[in-house]
Amino acid sequence: MTDERTAVRATLAATIVAGLVYLLAVPLLRPAQVAVATDVYYHAGTTLLAGGDPYAVTPPSHPTFHYIYPPLVLLAFVPHVLTGSPLGAYLFQTALTLVTAAVLAAVIVRAIEDAGVALARRDRLLVGGVVLASVHSVPVLVMGQVNLQLALAIAVGARLLAGGRELRAGAAFALAGAVKLFPAVVGLWLLAQRSWRAVGAAIATGLGTIAAGLVVFGVGPTRTFFTEVLPGERQAEAFSGGLDPSAMFVTIRRPLAALAPELSPDALAGVALALLVPVVLASLRDLRSEVGRLVGLLATLLAALAYLPLEPFYYSLLYYPLLVVLYRLPPGRVRGLFLAGTLGLSAIVSYPSVEQLLVVAPLSPETAATLAATARALFSIAQPPLVGVVLLFAGCVYWHHEHAARGSEAAEPTERPTTK
């Protein structure tokens with residue numbers, strides 16, 4: 001067992017090391033990231049309580065950032081405002097994230113152990129370390145983001161669904177989608193399982209949050225969100241003629257825009273969708289076992305993340321399905337793909353960072369210029385974590401292809417309890 005776990009443990013440890021390196025590098029390379037999200041929450045909430053438009057205000061220290069969530073979500077940031085200062089809001093969100101990370105790690109550990117997988121103390125510590133300090137979590141802590149809260153909602157929803165509590169599961173998934181919308185893609189995974197009650201609960205909860213926003217804040221903020229904020233978040237024009245290499249977006253639209261700069265943003269979006277849909281469908285072929293369902297959930301979430309123009313820290317939403325699958329898969333080609341993909345996701349390097357390193361590196365001007373030009377070309381095509389995305393997709397498709405080909409006798413006897 002120890003030898004079987006070595007690769008998993010080494011991979012998780014590597015993601016934690018990458019996170020700690022990021023934490024040390026932030027003050028030097030990206031100091032403006034510190035508390036940027038909580039500054040936005042604080043000033044948007046303050047403006048709301050004063051009767052103003054939360055979508056029209058920007059923090060004085062971060063004038064290019066603004067509030068981008070649905071109106072009702074602002075109620076969750078009232079406690080941040082009550083701290084009385086942006087620093088208080090950041091400290092409050094940090095404490096909340098630490099508690100969330102502990103709960104999320106406990107949920108993941110419980111899911112692994114409930115499947116009959118015995119975890120040593122070091123494995124529990126590694127799971128907790130990944131959730132708290134991996135390279136996808138540290139930026140969340142640094143910026144004061146809410147991604148770990150969304151990851152917890154997804155984990156709780158998956159656990160509830162596995163226990164046959166479809167209504168509660170659907171509500172949990174919908175709460176994640178009510179904040180950043182794209183987690184609503186989990187609905188496709190629910191449909192593939194014919195979890196009709198979960199789908200109904202998710203739709204009802206999602207529509208309920210929109211209706212509640214209309215009741216509490218009126219038509220104006222809701223209209224602003226759907227007609228101005230949401231379309232702006234598509235970042236469509238950023239892809240025209242190819243994406244700037246400095247942009248941190250991990251999306252398959254990046255290489256498409258670089259290889260076919262003549263395509264319009266809408267055409268790029270259509271091609272990206274055409275590439276991702278078959279991969280997701282291939283990852284939903286065999287949902288008879290719990291592992292198959294988790295692999296399907298992973299592929300569904302991964303497709304949403306790879307389609308949208310999002311930064312690498314959003315991949316923290318994959319923690320539940322990815323970590324549980326890593327510990328449940330036996331050694332072999334499929335697990336190797338998942339481990340390689342996990343490492344690839346953790347290779348977060350920005351083009352500006354490479355430029356800064358080349359400036360201080362003991363290289364001749366000609367060599368530095370050549371390396372800078374090469375890096376610029378590569379980063380125009382893809383962010384390094386995109387390689388990890390491709391490997392994870394390969395693992396998802398390969399697992400389902402392998403098990404669908406074997407037939408029903410290969411499925412684990414892990415039927416979900418009857419819905420109550």
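Yeah, the Cβs are placed from backbone N, Cα and C, and that goes for glycine too.
Just so it is clear, the model here is predicted, and its values are computed rather than measured.
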Listed range which TrEMBL flags as transmembrane segment, given the options 48-66, 124-142, 238-256: 124-142
Best-contacting stretch, by C-beta pairs under 8 Å, relative to the transmembrane segment (267-284) and drawn from 7-29, 90-112, 291-307, 313-329: 291-307
Winner by Cβ pairs under 8 Å against the transmembrane segment (313-329), considering only 7-29, 198-220, 291-307: 291-307
Recorded stretch, among 124-142, 198-220, 374-399, maximising Cβ pairs under 8 Å relative to the transmembrane segment (90-112): 124-142
Interface present between the transmembrane segment (336-354) and the transmembrane segment (124-142) (three or more C-beta pairs under 8 A): yes
Stretch-level contact, the transmembrane segment (7-29) and the transmembrane segment (336-354), CB cutoff 8 A, at least 3 pairs: yes
